[in-house]
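These notes concern the structure reproduced below.
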Amino acid sequence: MKVLWAALVVTLLAGCQADVEPELEVQEPAVWQSGQPWELALGRFWDYLRWVQTLSEQVQEELLSSHVTQELTLLMEDTMKEVKAYKSELEQELAPMAEDTKARLSKELQAAQSRLRADMEEVLNRLSQYRGEVQTMMGQSGEELRARLAAHLRKLRKRLLRDVEEVQKRMDVYRAGAQEGAERSVSAIRERMGSLVEEGRLQSLPSQPLRERAQAWGEQMRGRLEKVGSQARDRLEEVREQMEEVRGKVEEQAEAFQARFKSWFEPMMEDMRRQWADLIEKVQVAVGASTAAPSQKS
């Protein structure tokens, strides 16, 4: 029996020691201090979150309002905007790569971006939840709520760091692919130029100097440019004729409408003038008759 009690005491002491054992601090990524713009933006989000995690009196006061979540939201949007801009920049450099490779890399990076954004949004949701819990208190003390929040924020920071590292890895793969594609493109251009030079050297004849070949090439290019210019002028003239035709049709329709409107409006006005004249004449006759009646009575 004493052995069982001793074992129980040892177990309880070990559990208490495990509860109070300090948790290892998340290592701060040094690359955020001098990295890409998206890494610097993410560093600002990280620093602000670290300040929130201190749960100082100022932090606790600001957590009761929406100031902290609004600030973190702005930092999150700034970070994701920089990530998107850097991804677009790398995608432009990936042009020489195969389409299936580009699609695969883009899909992997997009998934890492989504996880990173989800981590940030979960931080915002947890802080909003804490504000609601403090306002209601739901039978819990403020110390308990702060302890739960601190533990949850530590887990979220670890997850955030893990997903940030994943985004960095995908960005590195993107960057390596862009460099490889650029080198492959330059190599292909160099080989093509070398083959053209060699071909020109083999085909050159002693009776045809390089200057004559250059002049012939220039005449050929001039002819092509003149042909293109002539085609462009013809097309422009065709468009101009079409515009003139459209304008003529519009003017014709406008004149026809004006004529129809005039044929409808003028008879109506003439009829109104005639009716008005008849009305005036009747009024004058009536007035004259009323004036003549007293004269006859006298």
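Cβ from N, Cα, C; glycine included.
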Among 13-25, 39-51, 260-272, Swiss-Prot lists region 'Specificity for association with VLDL' at 260-272
Quick test of your reading of Swiss-Prot: among 152-162, 273-283, where does it put region 'LDL and other lipoprotein receptors binding'? 152-162
Averaged pLDDT score, the region 'Specificity for association with VLDL' (260-272): 78
With DSSP assignments reduced to helix, strand and coil, which class does M137 (methionine sulfoxide) get? coil
10 Å Cβ neighbour count around M137 (methionine sulfoxide)? 11
Tally of DSSP helical, extended and coil residues in the repeat '8' (223-244): 22 helix, 0 strand, 0 coil
